[in-house]
Amino acid sequence: MSADGPFAFGFSHQQEQATRYEEDTQRPGTARLSTRPSTSVGERPRPFGSAVAGGVTSSTSSSIAVAQGDRDHDSDKDVAPFAFGPPAAQMSDHQSYPGEPAFAYGLDALQEEDDDDDCGMFSFYPPRTAEEVPIDPGSNSHQTAEVMPPMLNHRVASFEPDTSRDTADDPLVPSTIRMLPSGSEQLPLSPAAAFALKVQAGLPEWAHDDGFSRRDVSTSTRPSTQRRARQTREGRGRGGDIADIQVHEQPLHHASRFPSSSDKDIELADSPSAIPLNELVHTLPVSSIDDDKKEIASQPRARSGMRRRPVGVRKPDSDELEDSPYPAVQGSVSNIDDHNAAVLTIRSWVLGFFFCVVFSALNCFFSLRYPAPFITPIVTQLLSYPIGKYLAKVLPSDKLHLPAWMHPYGFPEYLTLNPGPFSIKEHTLLTIMANIATSPAYALSYSLTTEKEYGQPQPAGFDILLVLTSQIIGFGAAGLCRRFLVWPAAMIWPQNLVFSTVLNTLHAELDDEEPGMPRFRFFVYVIVGAFCWFWLPGFLFTALSAFSWLCWIVPNNVVVNQLFGVSSGLGMGLFTFDWSQMVYVVPPLVIPWWAQVNIFVGFVITFWILTPIIYYTNSWYTAFLPISTASVFDRFGEQYNTSQVLTTDGLHLNETAYKEYSPLFLPAAYSMSYLVQFMLVTGILVHTALYYGPDLWHRLVTPHRNQDDDDVHMRLMRNYREVPDLWYAALLIVSLGLSMITVACWDTSMPPWALLIALAFAFVYFLPAGIVFATSGFNFTLNMMIELVAGYLMPGNPKGNMLFKVYAVQVSGLGLYYSQDLKLAHYQKVPPRATFFAQLSSVSVTAFVQVGVKRWLVASVEDLCSRDQAAHLTCPYVRTWFSASTIWGVIGPSRLFSPGQLYNPMLYCMIAGMVLPVITWFLSKRYPRSWFVYINLPVAFVGAMYMPPATGINYSAPLIIGFIFQYLIRHRNFEWWSKYNFLLSAGLDAGTVFSGILIFLTLQLPKGGNISLNWWGNDVYTNTADWAGTPLKTPPPQGFGPTSW
């Protein structure tokens, strides 16, 4: 091996720790560690001392020297070495180099760095000076030569191992220096923050062919939860000529805070174990590694991954020493990948189909019963783990080799019942399949409504095609939007952080080595605690769930009950002790703090300020109705009886009966919900165009996966073959054709052109809704707006209105859950094609199972969906669908919102929705360091849409919990937060669900649900004006409202 073109690097630290090592004779291939200032002599910098990372050098402080070899190992052409330093002009204006923390000299030049510089020659050299230097090392003779002064580094460089090998002692291997992520304002991280990487101590040594020693880097298999620095030690290879560097992970203790260039700062260490880097550890401006601005998706051009381009002559093959720029992702998602982990195995298919069949059937059954529990994906995630571990232990390991043509499609080289340990990738696929299986088919509500309410049963073929096509179209849309919703690092998908944390906790093998309580033990404690606690608000003391203590004190005071009630009131009581109530709208430990604030502010303005004003001024006759309920009323203050205005066939409006009976009236809170949706329908489009338009356009015109702001997870996923867009497009086109057949060949009352409009509506809002879901954790569908559009397109057509809603809502709503699953697979490094087949098979199996359960219940339960059904199979969603189809399909929106009608002024909210995002966008641009950058109007609108049936405690209680955990603990004890926060959320969810299922099976299902405790704690909240829905004013006998309609 030639010694030409040496590659040398050195790390040095405090003088009392460093072992001074110098060779008497310098020659190529030799690295030195020295406490002297790094300098270079001659026409260009020599390999050693050619760059200083982390700051200036001095005679009393140590330095880091990084240099690149002279030759590329793949060619013989010379490659100029690189160095870090400020522009010459700026350095010449300020010549006081030694010991001076002149950090900010070259930031402007840094921004102007040439992205096309493929030779690594992007640095600027300071002016050379003439100095007396020794002729030979150790000689007393000197000569005059031009000397490159110590240079100031503006970025923190890290040595990144190539395929887990530290090749620093090989002189022919080019540098694998890569830039670490910088902050959201393009400021560099401090050395201590940049070295907060997941490198385990202990670097096992193995022999090089030429007698040198290399060291494998052992990387953590679980996410990082601690800020750490590195300690360097000096050694020697077996050949005796190469200085060997060991890098050990050290915790940052004795932390203190130092000034930062942003509002926040990070904790740096005074400990000797941290690298001082010329003492600039105390003065170097840094960007906060837990800065909330990194997670503010409302900022325009949110640079999710920041720029992490390679600066050497070769792109590194391993991303093991990098991490996501988002602290929440760093603490939840591993930044390494095991390429040999089992993925599509026989046991994963068997377990996946088993859980798909069982849980999809159970949730389909529970959706027709009231009350009933709901099985969430966390249940599948926890139950599948011990089963998978058991199968890995007992199944035989015989192999059956598969044909080579199957390998590119995600299939393994061979099949075996037991490919080895139950891997985290298998577990991830099971979680993804469970996410699909546990979602009840939206289309079945249409089928049951037409059969039970309109007396028109549907054949099995229609049911299967309707369910399959409405779901697979969304699947195709999710796949085609991967470049916008999955690949960018800014698309965090907060719910996936919970899933990833649970997966990494269950599969962590070194959990006990971390300080503090192990994650797994903490998780178990939380599940047990939540399981025991839910018995109180869920059965023994249900008033803790509907916690409206002021209403208990004055149960007959109408105003107090309207303001503080939790049934038909505004829920100003602030708190509840039921975890299921806390997470009904805002999961406080999952949703980012900025999103929670936007949601709560939007809710307060809409329902605690505007709604009382509308109600107590009797606008739109709301004072004659309950202040908050999701029902519509007639002019006598009773729930609207649709049967009085329908013809005998139930499909058409009886105009005479309608004029004799009553128009529709909306309660105050329900009216505000419509108002918010009208603003959202235009506001989210304008917001997306202003804040995300340039990035979306860039990703549209450059559809390949290699983007400048890719994070470590995206780069690791490039090791796997991507699913071609053609596959998703083919699925979408085939499903669209089958949808047209479904609509045209059966009596659906919906013309094919209406189907195209429904799908166009879904596609237009798919991407904006996906961005809101991915950044804030909120998924939403414009149900009422879709029903309004269908009512105008197909007046007097209730069945067509329902089918229009099926496709418009299902494609967008369920399609975004497919996108969420794609991001989960992205985080866990599951090959994309394996995810594709797992999702497609799960959708297909689930559709057949749910259709089978529905048809079995219809055939075997004669009084299914009747109000007095013995097994409580009352089909609550069917009654809701029928009422909505009558109001929007038979009576029609024109009698509510057309010019001259009572609620026509609400339509002007669409104009407000277009204007408000422009104002907030301008303010955020004009004042980029103000709180305006945190405003996200679509998130505020979406949060307000849940009320009614949600109430105030569903917003205020999670805000209190979110403030404690997502703000206080996250900022004051980030290590604890990153280690336990998402586990706490998952444990509370799991324990509550398990407890609810047990209560249902043991106390609610037997004896018709008559097993209960009749005492004050279970009925005090039902004996109030809030529970009775008492209005402020009593309707007159002749009714209220306009004189004609």
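In case you wondered, yes, glycine gets a Cβ from its N, Cα and C as well.
Annotation source TrEMBL lists compositional bias 'Polar residues' at 32-41.
Sequence annotations record features per position, and here TrEMBL assigns compositional bias 'Low complexity' to 49-67.
According to TrEMBL, the feature compositional bias 'Basic and acidic residues' maps to 69-79 (among others).
As annotated by TrEMBL, compositional bias 'Basic and acidic residues' applies to 208-217 (among others).
According to TrEMBL, the feature compositional bias 'Basic and acidic residues' maps to 231-252 (among others).
Taken from TrEMBL, the feature region 'Disordered' covers 1-100 (among others).
Among the features that TrEMBL reports, region 'Disordered' is placed at 124-184 (among others).
As annotated by TrEMBL, region 'Disordered' applies to 208-268 (among others).
Marked as region 'Disordered' by TrEMBL: 291-325 (among others).
What TrEMBL records for 349-368 (among others) is transmembrane segment.
Under the heading transmembrane segment, TrEMBL lists 460-478 (among others).
Look at TrEMBL and you will find 523-551 (among others) tagged as transmembrane segment.
The annotation transmembrane segment is assigned in TrEMBL to 558-577 (among others).
According to TrEMBL, the feature transmembrane segment maps to 597-616 (among others). Beyond the ends of the transmembrane segment (597-616), by six or more residues, the same chain brings 562-563, 570, 572, 585-586, 591, 622-623, 627-628, 668-669, 671-672, 675-676, 776, 778, 934-937, 939-944, 947, 952, 955-956, 959, 1032 to within a C-beta distance below 8 angstroms of the stretch.
The annotation transmembrane segment is assigned in TrEMBL to 674-693 (among others). Outside the transmembrane segment (674-693) by six or more residues, the chain places 297-302, 602, 606, 666, 764-765, 767-769, 771-772, 780, 782, 784-785, 903, 906-907, 909-914, 916-918, 921, 936-938, 941-942, 944-945 with a CB less than 8 A from a CB of the stretch.
Per TrEMBL, the feature transmembrane segment maps to 726-746 (among others).
Using a Cβ-Cβ cut-off under 8 Å and counting only residues 6 or more beyond its ends in the same chain, the transmembrane segment (931-947) has close neighbours at 293, 296-299, 584-586, 594-595, 597-603, 606-607, 628, 669, 672-673, 676-677, 679-680, 683-684, 687-688, 768, 772, 776, 778, 780, 913, 916-917, 920, 923-924, 954-955.
For the transmembrane segment (981-1003), the most Cβ-contacting stretch among 349-368, 523-551, 726-746, 753-782, 905-924 is 523-551 (pairs under 8 Å). Here the listed stretches are 349-368, 460-478, 953-969, and the one with the most C-beta pairs under 8 angstroms to the transmembrane segment (558-577) is 953-969. By the Cβ criterion (under 8 Å, sequence separation of 6 or more), the transmembrane segment (460-478) is in contact with the transmembrane segment (726-746), since 3+ such pairs are found. If you look at the transmembrane segment (726-746), the same-chain residues 6 or more away from its ends with a CB under 8 A from one of its CBs are 458-459, 462, 465-466, 468-470, 472-473, 475-480, 752, 755, 759, 803, 807, 836, 840.
Proximity of distant same-chain residues to the transmembrane segment (753-782), defined by a Cβ-Cβ separation under 8 Å and at least 6 residues beyond the stretch ends, is recorded for 295, 297, 473-474, 477, 481, 484-485, 490-495, 587, 590-592, 595, 598-599, 677, 680-681, 684-685, 687-688, 692, 696, 736, 739-740, 743, 789-790, 793-794, 800, 803-805, 807-809, 811-813, 815-817, 819-820, 823, 936, 938-939, 942-943, 945.
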